[in-house]
Amino acid sequence: MSEAEARPSNFIRQIIDKDLADGKHTTVHTRFPPEPNGYLHIGHAKSICLNFGIAQDYQGQCNLRFDDTNPEKENLEYVESIKKDVTWLGFDWSGEVCYSSDYFDKLYEYAIELIQKGLAYVDELTPEQIREYRGTLTEPGKHSPYRDRSVEENLALFEKMRAGEFAEGQACLRAKIDMASSFIVMRDPVLYRVRFAEHHQTGDKWCIYPMYDFTHCISDALEGITHSICTLEFQDNRRLYDWVLDNITIPCHPRQYEFSRLNLEYTVMSKRKLNQLVTEKLVTGWDDPRMPTISGLRRRGFTPSAIREFCKRIGVTKQENMIEYSALESCIRDDLNENAPRAMAVLDPVKLVIENFAAGTVETLTLANHPNKPEMGDREVPFTRELWIEREDFREEANKKYKRLVLGKEVRLRGAYVIKAERIEKDEQGNITTIFCSYDPETLGKNPADGRKVKGVIHWVSAEKGVPAEFRLYERLFTVPNPGAADNFAETINPESLVKVQGYVEPSLVEAKPEFGYQFERMGYFCADNKDSSPQALVFNRTVGLRDSFAKIDEE
């Protein structure tokens, strides 16, 4: 990453500092291990920033490892999208991309070792019976009738599993630990199951696949990971993580540390719920700009630096909490306010005619791209007799608090002249169709010579030179702060989470690059859509408003 960011402090970094000071480790090696069965979301970004950020700050290494032990739900599309997202966020992994499937041969050998030590057995209970025998939080489990098979018998049966002689669900390999443990994860967990599925990396070489808890710790150890960082739901699994490594012949024994996952208001993070949104066509896809996926946020106009800043601000703790959506919006708003060039766009246009400006004349005005950054340069904007302004920027009559255009009153056009509304035309329904004005030609870049005060400023686009555009006005996807807690979360979808309107932009925006953010003056921050926008048919997505539109709602 290019910018120098202050090193954050949290309990995990304090552990690392102590490990280095005590000589427990001489270097730091972390990993980010997603399963390639879906698209990354903002919650994954927290883990990415933590793991890659630690490696970066301690001059260590961070592996990108795909936890690919479930071939039926995984594919290369997800592998490529995850690599793209990590790179886009500004991080590079150490060496080649790793896959848990790289270690399938070693994992099989370690399973054999556990069998030889009498610590694993082939069970022929059905999956339903295994669940039944496991017990509950208040009742201990009971032993499988196959638990006391001999080592020789288990070795032979495990080889038959590998040879494809058992059907799916007919046999599995289980660890022999403690069926009375207060931790259900330690009640003889399944280590291998039969799956006749082709794998995106290993093809049809295997018909048995290792479970996550068996694979994860061994993969960490084989890669020399020093600090295995995961979210709190794996806290109990740490006991199995340590048990596996304690009972196999492997030189490295990483330690697992847990932190709270990201819970964000007005959205859902569950892969199942996100998939439901897509499959039921409640959104347009995984990269819908209303989705919390990295690809959705990117399409909406979020920047990598804003997402990294968000992850930095929320911090890393063991405390579960719900983060306000406005915290995420604040990060992108701050980023774009600092870095986005300004431009003018009219989203709800009404025509304005300057009667004392010569017809057919085009005056080229020079406007700054950023009010506080002269190094960002200027742009040329055409000014003509007929303009578009926002419908809400005109009233026939108004009180003194209204600082925009009023019939018989004056206002300044952004970067241009002072105008006065003289008269209007309406259609048969009483809607204003045209506002006729006069302009003061001596007010370009200066106040009226006679000293009269003109306080209001409104934006505009040339009606003759402006370019038509579609604007997609995105809001929060749900109407309640915690939609995941609803009986039917889909019923809490915000019907106004996407509103499409037609308007006009200044001609310089014809060449707007997808995902590149602009501040449309007085309207918000927008970017050209990375799928649907073209110079022939411009489409702009609203990234975020100039201020929090939900603040007042939340207070009520």
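Cβ coordinates come from backbone N, Cα and C, glycine included.
Residues or ranges marked as motif ''HIGH' region' by Swiss-Prot: 34-44. Counting residues 6+ beyond its ends, the motif ''HIGH' region' (34-44) has Cβ neighbours under 8 Å at 66-68, 70, 73-76, 78-79, 81-82, 85-86, 200, 261-262, 264, 267, 269, 271, 274-275, 286-287, 291-295, 297, 307, 310, 328 in the same chain.
The ATP binding site annotation in Swiss-Prot covers 35-37, 41-47, Thr231, 261-262, 269-271. A C-beta separation below 8 Å, combined with a sequence spacing of at least six in one chain, links Leu262 (ATP binding site) to Ile42, Gly43, Lys46, Met269, Ile314, Ile323.
As annotated by Swiss-Prot, L-glutamine binding site applies to Asp67, Tyr212. Here Tyr212 (L-glutamine binding site) comes close to Asp67, Thr69: these same-chain residues lie at least six apart in sequence, with C-beta atoms under 8 angstroms from its C-beta.
Within the same chain, residues 37-38, 41-43, 261-262, 292, 478, 483-484, 489 sit at least 6 positions outside the motif ''KMSKS' region' (268-272) and bring their C-beta atoms closer than 8 Å to a C-beta of that stretch. Sequence annotations record features per position, and here Swiss-Prot assigns motif ''KMSKS' region' to 268-272 based on sequence analysis.
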Reduced to three states, what secondary structure does DSSP give Thr231 (ATP binding site)?
-> strand
Is Ser270 (ATP binding site) helix, strand or coil when read with DSSP?
-> coil
Taking Asn37, Thr231, Ser270 as the binding-site residues to compare, which has the smallest set of other Cβ atoms within 10 Å?
-> Ser270
What are the non-local neighbours of Glu35 (ATP binding site), defined as same-chain residues 6+ apart in sequence with CB under 8 A from its CB?
-> Phe66, Asp67, Asp68, Asn70, Lys73, Glu74
